[in-house]
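Colleague: Features from Swiss-Prot:
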type	residues	note
COMPBIAS	25-40	compositional bias 'Acidic residues'
DISULFID	C64-C89	disulfide bond
DISULFID	C66-C81	disulfide bond
DISULFID	C71-C88	disulfide bond
REGION	22-41	region 'Disordered'
SIGNAL	1-19	signal peptide
Amino acid sequence: MKKLVLLSALVLLAYQVQTDPIQNTDEETNTEEQPGEEDQAVSVSFGGQEGSALHEKLSRDLICLCRKRRCNRGELFYGTCAGPFLRCCRRRR
């Protein structure tokens, strides 16, 4: 039941992030990002047997990256990475 509530909250949050337009500040519009600057490699670990099985399932079905400001089109928000980064995932094809 707790998993269902957590997954529902994540889905609703991801939906809200995708539907809300993000307002750029003057500072953000004046700075240029270097290609690949947003992409960061991340290692995620879960404790216990159940967490290990969940991690294996997620790693097979999803490709996840850490992004600076928002997830790209086709990606969903799946939590945070180290620091201010967002964990954005998409399904494997």
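Placed from the backbone N, Cα and C atoms, the Cβ positions cover glycine too.
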Colleague: What's the CA-CA gap between C66 (disulfide bond) and C88 (disulfide bond) in angstrom, rounded?
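Modeller: Per the Cα atoms, C66 (disulfide bond) and C88 (disulfide bond) stand 6 Å apart.
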Colleague: Around the Cβ of C64 (disulfide bond), how many other Cβ atoms lie within 10 Å? Please give the count over every shown protein chain.
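Modeller: The answer is 19.
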Colleague: Indicate the candidate from C66, C88 with the smallest number of other Cβ atoms within 10 Å of its Cβ, considering only these disulfide-bonded residues.
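Modeller: C66, out of the disulfide-bonded residues C66, C88, has the fewest neighbouring Cβ atoms within 10 Å.
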Colleague: Ten-angstrom check, please: count other Cβ atoms within 10 Å of the Cβ of C89 (disulfide bond), all chains counted.
Modeller: 18
Colleague: Hey, what's the Cβ neighbour count for C71 (disulfide bond) at 10 Å?
Modeller: 20
